[in-house]
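Now, the feature entries from Swiss-Prot:
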type: BINDING; residues: A125, A126, A127, P128, G129, S130, K131, E149, D176, D194; note: S-adenosyl-L-methionine binding site
type: ACT_SITE; residues: C247; note: active site, nucleophile
Amino acid sequence: MAENTVYFPEAFLAQMRAAMPAHLSFDDFIAACQRPLRRSIRVNTLKISVDDFLSLVAPYGWQLAPVPWCAEGFWIEREDDDALPLGSTAEHLSGLFYIQEASSMLPVAALFADNRQPERVMDVAAAPGSKTTQIAARMGNAGGILANEFSASRVKVLHANISRCGISNVALTHFDGRVFGAALPETFDAILLDAPCSGEGVVRKDADALKNWSPESNLDIAATQRELIDSAFHALRPGGTLVYSTCTLNREENQSVIEWLLSRYPQAVEILPLGELFPGAADALTAEGFLHVFPQIYDCEGFFVARLRKTAAIDPLPAPGYKVGKFPFTPLKDREAAAVTAAARAVGLEWDAGHTLWQRDKELWLFPLALEPLFGKVRFSRIGVRLAELHNKGYRWQHEAVIAFAAPQRAFELSQEEAEEWYRGRDVYPQTAPGQDETIVTFQGVPLGLAKRVGSRLKNSYPRELVRDGKLFAGKV
(Lines of atoms letter the chains of each structure in order from A and count residues from 1; the text may use other names and numbers.)
(Lines give C-alpha, C1' and ligand atoms only; values in the text may rest on other atoms or scores of the structure.)
Protein backbone atom coordinates (compact mmCIF):
# COMPACT_ATOMS: atom_id res chain seq x y z
CA MET A 1 0.00 0.00 0.00
CA ALA A 2 1.21 3.50 -0.82
CA GLU A 3 2.18 5.79 2.00
CA ASN A 4 0.03 8.77 2.96
CA THR A 5 1.29 12.34 2.62
CA VAL A 6 0.31 13.57 6.06
CA TYR A 7 0.21 17.25 6.91
CA PHE A 8 2.09 17.94 10.18
CA PRO A 9 2.14 21.46 11.68
CA GLU A 10 5.57 22.28 13.08
CA ALA A 11 4.11 23.10 16.49
CA PHE A 12 2.45 19.68 16.56
CA LEU A 13 5.73 17.93 15.79
CA ALA A 14 7.47 19.87 18.55
CA GLN A 15 4.71 18.92 20.97
CA MET A 16 4.97 15.23 20.02
CA ARG A 17 8.77 15.24 20.38
CA ALA A 18 8.35 16.52 23.92
CA ALA A 19 5.58 14.04 24.74
CA MET A 20 7.19 10.93 23.25
CA PRO A 21 8.21 8.44 25.98
CA ALA A 22 11.90 7.57 26.12
CA HIS A 23 11.33 3.98 24.99
CA LEU A 24 9.65 5.12 21.75
CA SER A 25 11.26 6.54 18.62
CA PHE A 26 10.01 9.80 17.14
CA ASP A 27 11.11 8.62 13.68
CA ASP A 28 9.00 5.48 14.14
CA PHE A 29 6.07 7.72 15.07
CA ILE A 30 6.37 9.71 11.83
CA ALA A 31 6.79 6.53 9.78
CA ALA A 32 3.72 4.93 11.38
CA CYS A 33 1.61 8.03 10.70
CA GLN A 34 2.56 7.87 7.02
CA ARG A 35 1.45 4.25 6.63
CA PRO A 36 -2.15 3.50 5.60
CA LEU A 37 -4.30 2.30 8.47
CA ARG A 38 -4.89 -1.43 8.76
CA ARG A 39 -8.57 -2.36 8.45
CA SER A 40 -10.18 -4.21 11.32
CA ILE A 41 -13.49 -5.79 12.22
CA ARG A 42 -15.25 -6.92 15.39
CA VAL A 43 -17.38 -10.06 15.39
CA ASN A 44 -20.89 -9.40 16.69
CA THR A 45 -21.27 -12.12 19.31
CA LEU A 46 -24.96 -11.32 19.71
CA LYS A 47 -25.40 -13.14 16.39
CA ILE A 48 -22.49 -15.56 16.07
CA SER A 49 -19.60 -16.88 18.15
CA VAL A 50 -16.05 -15.99 17.18
CA ASP A 51 -15.24 -19.63 16.40
CA ASP A 52 -18.31 -20.03 14.20
CA PHE A 53 -17.52 -16.78 12.40
CA LEU A 54 -13.95 -17.88 11.69
CA SER A 55 -15.26 -21.19 10.33
CA LEU A 56 -17.83 -19.37 8.21
CA VAL A 57 -15.34 -17.04 6.51
CA ALA A 58 -12.46 -19.54 6.28
CA PRO A 59 -13.29 -20.43 2.63
CA TYR A 60 -13.11 -16.75 1.63
CA GLY A 61 -9.36 -16.48 2.07
CA TRP A 62 -9.62 -13.53 4.44
CA GLN A 63 -6.43 -13.05 6.45
CA LEU A 64 -7.45 -12.33 10.05
CA ALA A 65 -4.99 -11.33 12.79
CA PRO A 66 -6.28 -11.05 16.40
CA VAL A 67 -6.52 -7.65 18.09
CA PRO A 68 -4.81 -8.22 21.49
CA TRP A 69 -7.29 -6.22 23.59
CA CYS A 70 -10.52 -7.50 22.04
CA ALA A 71 -11.23 -11.23 21.72
CA GLU A 72 -13.80 -10.45 19.02
CA GLY A 73 -11.53 -8.07 17.08
CA PHE A 74 -9.38 -8.86 14.04
CA TRP A 75 -7.23 -6.98 11.58
CA ILE A 76 -8.31 -8.07 8.12
CA GLU A 77 -6.69 -8.33 4.70
CA ARG A 78 -8.70 -9.41 1.65
CA GLU A 79 -7.71 -10.04 -1.94
CA ASP A 80 -11.27 -9.44 -3.20
CA ASP A 81 -11.67 -6.00 -1.60
CA ASP A 82 -11.99 -4.20 -4.95
CA ALA A 83 -14.61 -6.61 -6.29
CA LEU A 84 -16.60 -6.77 -3.05
CA PRO A 85 -16.29 -3.93 -0.50
CA LEU A 86 -16.24 -5.21 3.06
CA GLY A 87 -19.33 -3.21 3.98
CA SER A 88 -21.30 -4.82 1.13
CA THR A 89 -20.68 -8.42 2.13
CA ALA A 90 -23.70 -10.44 3.20
CA GLU A 91 -22.05 -11.08 6.56
CA HIS A 92 -21.82 -7.34 7.23
CA LEU A 93 -25.35 -6.63 6.01
CA SER A 94 -26.73 -9.30 8.37
CA GLY A 95 -24.83 -7.87 11.33
CA LEU A 96 -22.32 -10.66 11.86
CA PHE A 97 -19.50 -8.14 12.19
CA TYR A 98 -18.87 -4.42 12.61
CA ILE A 99 -16.12 -2.56 10.74
CA GLN A 100 -14.33 -0.88 13.64
CA GLU A 101 -10.84 0.54 14.03
CA ALA A 102 -8.83 -1.64 16.39
CA SER A 103 -7.82 1.09 18.83
CA SER A 104 -11.44 2.18 19.22
CA MET A 105 -12.16 -1.25 20.71
CA LEU A 106 -9.93 -0.32 23.66
CA PRO A 107 -12.36 1.88 25.66
CA VAL A 108 -15.02 -0.83 25.91
CA ALA A 109 -12.37 -3.40 26.81
CA ALA A 110 -11.36 -1.07 29.65
CA LEU A 111 -14.99 -0.53 30.70
CA PHE A 112 -15.43 -4.28 31.20
CA ALA A 113 -11.94 -4.98 32.54
CA ASP A 114 -13.28 -6.36 35.83
CA ASN A 115 -15.73 -8.68 34.00
CA ARG A 116 -18.67 -7.26 35.94
CA GLN A 117 -22.02 -6.91 34.20
CA PRO A 118 -23.42 -3.41 34.75
CA GLU A 119 -27.19 -3.03 34.68
CA ARG A 120 -27.28 0.50 33.29
CA VAL A 121 -24.64 2.05 31.00
CA MET A 122 -24.34 5.40 29.22
CA ASP A 123 -22.36 6.06 26.04
CA VAL A 124 -22.11 9.85 26.06
CA ALA A 125 -20.96 10.37 22.44
CA ALA A 126 -22.23 7.27 20.70
CA ALA A 127 -22.40 7.73 16.89
CA PRO A 128 -21.80 5.99 14.60
CA GLY A 129 -22.30 3.12 17.05
CA SER A 130 -19.14 1.03 17.14
CA LYS A 131 -18.72 1.30 20.90
CA THR A 132 -22.45 1.16 21.71
CA THR A 133 -22.78 -2.08 19.76
CA GLN A 134 -19.62 -3.41 21.41
CA ILE A 135 -21.05 -2.58 24.85
CA ALA A 136 -24.35 -4.27 23.96
CA ALA A 137 -22.52 -7.41 22.89
CA ARG A 138 -20.53 -7.48 26.13
CA MET A 139 -23.82 -7.14 28.03
CA GLY A 140 -25.49 -9.86 25.97
CA ASN A 141 -28.39 -7.50 25.18
CA ALA A 142 -29.22 -7.51 28.91
CA GLY A 143 -29.63 -4.43 31.11
CA GLY A 144 -29.93 -1.09 29.36
CA ILE A 145 -27.74 1.39 27.48
CA LEU A 146 -28.44 5.09 27.03
CA ALA A 147 -26.67 6.02 23.79
CA ASN A 148 -26.44 9.77 23.34
CA GLU A 149 -25.38 11.68 20.25
CA PHE A 150 -25.19 15.46 20.03
CA SER A 151 -25.11 15.62 16.22
CA ALA A 152 -28.64 15.26 14.84
CA SER A 153 -27.39 14.03 11.46
CA ARG A 154 -25.56 11.11 13.11
CA VAL A 155 -28.46 9.80 15.22
CA LYS A 156 -29.99 8.08 12.17
CA VAL A 157 -26.71 6.28 11.41
CA LEU A 158 -26.43 5.27 15.07
CA HIS A 159 -29.89 3.71 15.00
CA ALA A 160 -29.21 1.93 11.70
CA ASN A 161 -26.12 0.24 13.12
CA ILE A 162 -27.89 -0.72 16.34
CA SER A 163 -30.75 -2.24 14.35
CA ARG A 164 -28.43 -4.10 11.94
CA CYS A 165 -26.62 -5.70 14.87
CA GLY A 166 -29.85 -6.96 16.46
CA ILE A 167 -29.55 -4.83 19.59
CA SER A 168 -32.61 -4.40 21.80
CA ASN A 169 -31.36 -2.85 25.06
CA VAL A 170 -30.59 0.69 23.85
CA ALA A 171 -32.39 4.02 24.15
CA LEU A 172 -31.22 6.94 22.02
CA THR A 173 -31.02 10.57 23.10
CA HIS A 174 -29.92 13.68 21.24
CA PHE A 175 -28.41 16.15 23.73
CA ASP A 176 -25.28 18.04 24.57
CA GLY A 177 -23.54 15.55 26.87
CA ARG A 178 -23.17 18.23 29.52
CA VAL A 179 -26.84 17.89 30.54
CA PHE A 180 -26.72 14.40 32.02
CA GLY A 181 -25.04 15.18 35.32
CA ALA A 182 -27.96 17.37 36.33
CA ALA A 183 -30.70 15.41 34.56
CA LEU A 184 -29.70 11.89 35.67
CA PRO A 185 -27.59 12.19 38.83
CA GLU A 186 -25.80 9.05 40.05
CA THR A 187 -27.85 6.84 37.72
CA PHE A 188 -25.40 4.69 35.76
CA ASP A 189 -23.23 1.74 36.78
CA ALA A 190 -20.78 2.46 33.97
CA ILE A 191 -20.21 5.37 31.60
CA LEU A 192 -18.11 5.66 28.47
CA LEU A 193 -17.06 9.17 27.50
CA ASP A 194 -15.27 8.89 24.16
CA ALA A 195 -14.86 12.62 24.07
CA PRO A 196 -14.85 14.88 21.02
CA CYS A 197 -11.22 15.82 20.46
CA SER A 198 -8.67 17.30 18.08
CA GLY A 199 -8.21 13.94 16.33
CA GLU A 200 -4.41 13.88 16.30
CA GLY A 201 -4.46 10.08 16.30
CA VAL A 202 -6.43 9.64 13.07
CA VAL A 203 -3.93 10.98 10.51
CA ARG A 204 -3.46 7.48 9.06
CA LYS A 205 -7.12 7.56 8.04
CA ASP A 206 -7.29 11.27 7.20
CA ALA A 207 -4.04 12.82 5.96
CA ASP A 208 -5.52 16.31 6.40
CA ALA A 209 -6.77 15.74 9.96
CA LEU A 210 -4.36 18.37 11.31
CA LYS A 211 -5.06 21.11 8.74
CA ASN A 212 -6.92 23.20 11.34
CA TRP A 213 -4.78 22.12 14.30
CA SER A 214 -3.40 24.66 16.75
CA PRO A 215 -2.31 24.60 20.41
CA GLU A 216 -5.05 27.14 21.13
CA SER A 217 -7.76 24.89 19.68
CA ASN A 218 -6.50 22.02 21.84
CA LEU A 219 -7.04 24.17 24.92
CA ASP A 220 -10.54 25.14 23.78
CA ILE A 221 -11.44 21.49 23.19
CA ALA A 222 -10.00 20.50 26.57
CA ALA A 223 -12.28 23.03 28.27
CA THR A 224 -15.31 21.30 26.72
CA GLN A 225 -13.91 17.90 27.69
CA ARG A 226 -13.64 19.00 31.33
CA GLU A 227 -17.30 20.00 31.30
CA LEU A 228 -18.27 16.68 29.72
CA ILE A 229 -16.32 14.55 32.19
CA ASP A 230 -17.71 16.56 35.10
CA SER A 231 -21.25 15.90 33.88
CA ALA A 232 -20.51 12.22 33.30
CA PHE A 233 -19.01 11.86 36.77
CA HIS A 234 -22.16 13.33 38.32
CA ALA A 235 -24.28 10.84 36.34
CA LEU A 236 -22.19 7.91 37.61
CA ARG A 237 -23.33 6.12 40.75
CA PRO A 238 -20.87 5.62 43.63
CA GLY A 239 -18.89 2.46 42.95
CA GLY A 240 -19.41 2.84 39.22
CA THR A 241 -16.80 2.89 36.45
CA LEU A 242 -16.04 5.78 34.09
CA VAL A 243 -13.85 5.31 31.03
CA TYR A 244 -12.57 8.49 29.37
CA SER A 245 -11.02 8.15 25.92
CA THR A 246 -9.95 10.23 22.94
CA CYS A 247 -8.36 9.62 19.54
CA THR A 248 -5.82 12.38 20.17
CA LEU A 249 -2.31 12.47 21.61
CA ASN A 250 -1.68 15.76 23.42
CA ARG A 251 -1.57 15.95 27.20
CA GLU A 252 -4.08 18.81 27.52
CA GLU A 253 -6.96 16.71 26.15
CA ASN A 254 -5.90 13.53 27.94
CA GLN A 255 -3.94 13.36 31.20
CA SER A 256 -4.73 16.96 32.11
CA VAL A 257 -8.48 16.35 31.89
CA ILE A 258 -8.19 13.47 34.35
CA GLU A 259 -5.93 15.52 36.62
CA TRP A 260 -8.56 18.26 36.63
CA LEU A 261 -11.27 15.79 37.69
CA LEU A 262 -9.01 14.43 40.45
CA SER A 263 -8.38 17.93 41.76
CA ARG A 264 -12.10 18.72 41.71
CA TYR A 265 -13.22 15.55 43.54
CA PRO A 266 -10.10 14.29 45.36
CA GLN A 267 -12.08 12.10 47.76
CA ALA A 268 -14.28 10.51 45.08
CA VAL A 269 -12.00 9.59 42.15
CA GLU A 270 -9.83 6.49 41.98
CA ILE A 271 -7.63 5.68 38.99
CA LEU A 272 -7.90 2.03 37.93
CA PRO A 273 -4.60 1.19 36.18
CA LEU A 274 -4.80 -0.52 32.80
CA GLY A 275 -1.38 -2.17 32.68
CA GLU A 276 -2.90 -5.66 32.91
CA LEU A 277 -5.72 -5.08 30.41
CA PHE A 278 -4.04 -7.24 27.74
CA PRO A 279 -0.60 -8.72 27.01
CA GLY A 280 1.62 -5.86 25.88
CA ALA A 281 -0.46 -3.11 27.50
CA ALA A 282 2.60 -2.02 29.47
CA ASP A 283 4.11 -0.69 26.22
CA ALA A 284 1.50 2.11 26.22
CA LEU A 285 1.13 2.56 29.99
CA THR A 286 1.68 5.99 31.53
CA ALA A 287 3.01 6.56 35.04
CA GLU A 288 -0.56 7.26 36.19
CA GLY A 289 -1.92 3.96 34.84
CA PHE A 290 -3.53 5.28 31.65
CA LEU A 291 -3.01 3.91 28.14
CA HIS A 292 -1.44 6.48 25.80
CA VAL A 293 -1.31 4.64 22.49
CA PHE A 294 1.07 6.16 19.96
CA PRO A 295 0.41 4.68 16.50
CA GLN A 296 3.76 2.91 16.19
CA ILE A 297 3.20 0.78 19.32
CA TYR A 298 0.48 -1.51 17.96
CA ASP A 299 0.33 -0.28 14.33
CA CYS A 300 -3.10 1.33 14.81
CA GLU A 301 -4.61 4.78 15.35
CA GLY A 302 -3.39 6.95 18.20
CA PHE A 303 -5.60 6.72 21.27
CA PHE A 304 -5.86 7.54 24.96
CA VAL A 305 -7.84 5.58 27.57
CA ALA A 306 -8.30 6.20 31.30
CA ARG A 307 -10.39 4.08 33.68
CA LEU A 308 -11.77 5.60 36.88
CA ARG A 309 -13.94 4.51 39.78
CA LYS A 310 -16.29 6.81 41.68
CA THR A 311 -15.61 5.98 45.31
CA ALA A 312 -18.11 8.32 47.00
CA ALA A 313 -21.21 10.39 46.33
CA ILE A 314 -20.68 14.04 45.40
CA ASP A 315 -22.86 17.11 45.80
CA PRO A 316 -25.54 17.19 43.08
CA LEU A 317 -25.76 19.83 40.40
CA PRO A 318 -28.77 22.18 40.31
CA ALA A 319 -31.86 20.46 38.91
CA PRO A 320 -32.43 21.19 35.21
CA GLY A 321 -34.99 23.85 34.41
CA TYR A 322 -36.42 22.30 31.25
CA LYS A 323 -39.69 20.36 31.01
CA VAL A 324 -39.57 16.88 29.55
CA GLY A 325 -43.25 16.68 28.68
CA LYS A 326 -45.64 13.79 29.03
CA PHE A 327 -44.19 10.36 28.23
CA PRO A 328 -46.00 9.33 25.01
CA PHE A 329 -46.09 5.57 25.70
CA THR A 330 -48.25 3.46 28.02
CA PRO A 331 -47.37 -0.03 29.28
CA LEU A 332 -49.55 -2.89 28.05
CA LYS A 333 -51.77 -4.55 30.63
CA ASP A 334 -51.06 -8.18 31.46
CA ARG A 335 -53.81 -9.63 29.27
CA GLU A 336 -52.87 -7.46 26.28
CA ALA A 337 -49.18 -8.25 26.73
CA ALA A 338 -49.93 -11.98 26.85
CA ALA A 339 -51.89 -11.79 23.59
CA VAL A 340 -49.11 -9.90 21.81
CA THR A 341 -46.47 -12.28 23.15
CA ALA A 342 -48.42 -15.32 21.95
CA ALA A 343 -48.94 -13.84 18.49
CA ALA A 344 -45.25 -12.97 18.23
CA ARG A 345 -44.19 -16.47 19.24
CA ALA A 346 -46.43 -17.88 16.52
CA VAL A 347 -44.22 -16.22 13.89
CA GLY A 348 -40.96 -16.99 15.74
CA LEU A 349 -40.32 -13.81 17.76
CA GLU A 350 -39.26 -14.29 21.38
CA TRP A 351 -37.84 -12.04 24.10
CA ASP A 352 -36.86 -12.33 27.73
CA ALA A 353 -38.17 -10.76 30.93
CA GLY A 354 -35.71 -7.88 30.54
CA HIS A 355 -38.02 -6.33 27.93
CA THR A 356 -41.50 -4.91 28.50
CA LEU A 357 -44.30 -4.08 26.06
CA TRP A 358 -45.44 -0.48 25.57
CA GLN A 359 -47.86 1.17 23.16
CA ARG A 360 -48.05 4.51 21.37
CA ASP A 361 -51.13 4.90 19.16
CA LYS A 362 -51.04 1.81 16.91
CA GLU A 363 -47.37 1.07 17.56
CA LEU A 364 -46.14 -1.68 19.88
CA TRP A 365 -42.65 -1.39 21.32
CA LEU A 366 -40.32 -3.48 23.47
CA PHE A 367 -38.39 -1.40 25.98
CA PRO A 368 -35.41 -2.50 28.12
CA LEU A 369 -36.69 -2.85 31.67
CA ALA A 370 -33.43 -1.47 33.11
CA LEU A 371 -34.08 1.95 31.56
CA GLU A 372 -37.63 2.43 32.83
CA PRO A 373 -36.46 4.49 35.86
CA LEU A 374 -35.21 7.10 33.36
CA PHE A 375 -38.59 7.61 31.68
CA GLY A 376 -39.89 11.11 32.31
CA LYS A 377 -36.46 12.48 33.25
CA VAL A 378 -35.08 13.08 29.75
CA ARG A 379 -36.62 13.15 26.29
CA PHE A 380 -35.73 10.12 24.19
CA SER A 381 -35.28 10.02 20.43
CA ARG A 382 -36.00 6.30 20.42
CA ILE A 383 -36.27 3.50 22.98
CA GLY A 384 -35.76 -0.21 22.44
CA VAL A 385 -37.29 -1.89 19.41
CA ARG A 386 -40.49 -1.21 17.51
CA LEU A 387 -42.19 -4.60 17.54
CA ALA A 388 -45.33 -4.20 15.46
CA GLU A 389 -48.07 -1.97 14.15
CA LEU A 390 -51.68 -2.81 14.87
CA HIS A 391 -54.08 -3.16 11.96
CA ASN A 392 -57.49 -4.68 11.35
CA LYS A 393 -56.15 -8.17 10.66
CA GLY A 394 -53.72 -8.31 13.58
CA TYR A 395 -50.07 -7.27 13.72
CA ARG A 396 -47.63 -5.96 11.15
CA TRP A 397 -44.31 -7.17 12.55
CA GLN A 398 -41.41 -4.75 12.06
CA HIS A 399 -38.11 -5.58 10.39
CA GLU A 400 -35.98 -4.38 13.32
CA ALA A 401 -37.92 -6.69 15.67
CA VAL A 402 -37.28 -9.66 13.39
CA ILE A 403 -33.55 -8.91 13.38
CA ALA A 404 -33.45 -8.54 17.18
CA PHE A 405 -35.87 -11.23 18.40
CA ALA A 406 -36.08 -13.97 15.77
CA ALA A 407 -35.70 -17.55 16.97
CA PRO A 408 -33.61 -18.97 14.06
CA GLN A 409 -34.49 -22.57 14.88
CA ARG A 410 -38.08 -21.81 13.87
CA ALA A 411 -37.18 -19.97 10.67
CA PHE A 412 -36.91 -20.88 7.00
CA GLU A 413 -33.31 -21.09 5.77
CA LEU A 414 -32.62 -19.62 2.35
CA SER A 415 -30.01 -20.84 -0.09
CA GLN A 416 -27.27 -18.43 -1.11
CA GLU A 417 -29.02 -17.72 -4.42
CA GLU A 418 -32.30 -17.04 -2.58
CA ALA A 419 -30.57 -14.85 0.01
CA GLU A 420 -29.03 -12.80 -2.79
CA GLU A 421 -32.49 -12.27 -4.28
CA TRP A 422 -33.76 -11.24 -0.84
CA TYR A 423 -31.03 -8.62 -0.36
CA ARG A 424 -31.91 -7.22 -3.80
CA GLY A 425 -35.49 -6.70 -2.64
CA ARG A 426 -36.94 -9.45 -4.83
CA ASP A 427 -39.43 -12.15 -3.95
CA VAL A 428 -38.09 -15.66 -3.43
CA TYR A 429 -39.36 -18.88 -5.02
CA PRO A 430 -38.05 -21.79 -2.93
CA GLN A 431 -38.43 -25.37 -4.14
CA THR A 432 -40.46 -26.17 -1.03
CA ALA A 433 -42.29 -23.25 0.57
CA PRO A 434 -42.88 -23.12 4.34
CA GLY A 435 -46.31 -24.08 5.67
CA GLN A 436 -47.16 -20.94 7.63
CA ASP A 437 -48.42 -17.70 6.06
CA GLU A 438 -45.70 -15.58 7.69
CA THR A 439 -42.21 -16.91 8.25
CA ILE A 440 -38.84 -15.53 9.28
CA VAL A 441 -36.22 -16.21 6.62
CA THR A 442 -32.58 -16.77 7.51
CA PHE A 443 -29.26 -17.24 5.76
CA GLN A 444 -26.24 -18.73 7.53
CA GLY A 445 -28.64 -19.15 10.46
CA VAL A 446 -29.05 -15.37 10.76
CA PRO A 447 -32.45 -13.64 10.32
CA LEU A 448 -32.85 -11.53 7.18
CA GLY A 449 -36.48 -10.53 7.58
CA LEU A 450 -40.10 -11.66 7.54
CA ALA A 451 -41.68 -13.16 4.42
CA LYS A 452 -45.32 -13.70 3.54
CA ARG A 453 -46.19 -16.88 1.67
CA VAL A 454 -48.25 -16.23 -1.46
CA GLY A 455 -48.72 -19.59 -3.15
CA SER A 456 -45.22 -20.88 -3.86
CA ARG A 457 -43.72 -17.40 -3.54
CA LEU A 458 -42.19 -15.74 -0.48
CA LYS A 459 -43.06 -12.05 -0.64
CA ASN A 460 -40.11 -9.84 0.26
CA SER A 461 -40.49 -7.30 3.07
CA TYR A 462 -36.86 -6.16 3.19
CA PRO A 463 -36.83 -2.37 3.82
CA ARG A 464 -36.27 -0.42 0.62
CA GLU A 465 -33.47 1.65 2.16
CA LEU A 466 -31.50 -1.55 2.85
CA VAL A 467 -31.82 -3.11 -0.62
CA ARG A 468 -28.46 -3.76 -2.29
CA ASP A 469 -27.34 -4.47 -5.86
CA GLY A 470 -24.01 -5.81 -6.99
CA LYS A 471 -21.94 -8.64 -5.58
CA LEU A 472 -22.76 -9.69 -2.01
CA PHE A 473 -20.96 -12.96 -1.35
CA ALA A 474 -17.27 -13.64 -0.95
CA GLY A 475 -17.65 -17.39 -1.44
CA LYS A 476 -18.62 -19.15 -4.63
CA VAL A 477 -22.30 -19.77 -5.32
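Using the three backbone atoms N, Cα and C, a Cβ is placed for every residue, glycine included.
Cα spacing between A127 (S-adenosyl-L-methionine binding site) and C247 (active site, nucleophile): 14 Å, rounded to the nearest whole number. Cα-Cα distance from C247 (active site, nucleophile) to A125 (S-adenosyl-L-methionine binding site): 13 Å (rounded to the nearest whole number). Within 10 Å of the C-beta atom of D176 (S-adenosyl-L-methionine binding site) sit 12 other C-beta atoms, taking all shown protein chains into account. When the binding-site residues A125, A127 are compared by the number of other CB atoms within 10 angstroms of each CB, A125 has the fewest. All protein chains considered, the CB of the residue listed as 'active site, nucleophile' has 24 other CB atoms within 10 Å. Cβ neighbours within 10 Å of G129 (S-adenosyl-L-methionine binding site), excluding its own Cβ and spanning all shown chains: 27. Across the residues annotated as binding S-adenosyl-L-methionine (A125, A126, A127, P128, G129, S130, K131, E149, D176, D194), the two Cα atoms farthest apart lie 20 Å from each other. Within the same chain, the residues at least 6 positions away from K131 (S-adenosyl-L-methionine binding site) whose Cβ sits under 8 Å from its Cβ are S104, P107, V108, D123, L192, D194, listed in sequence order.
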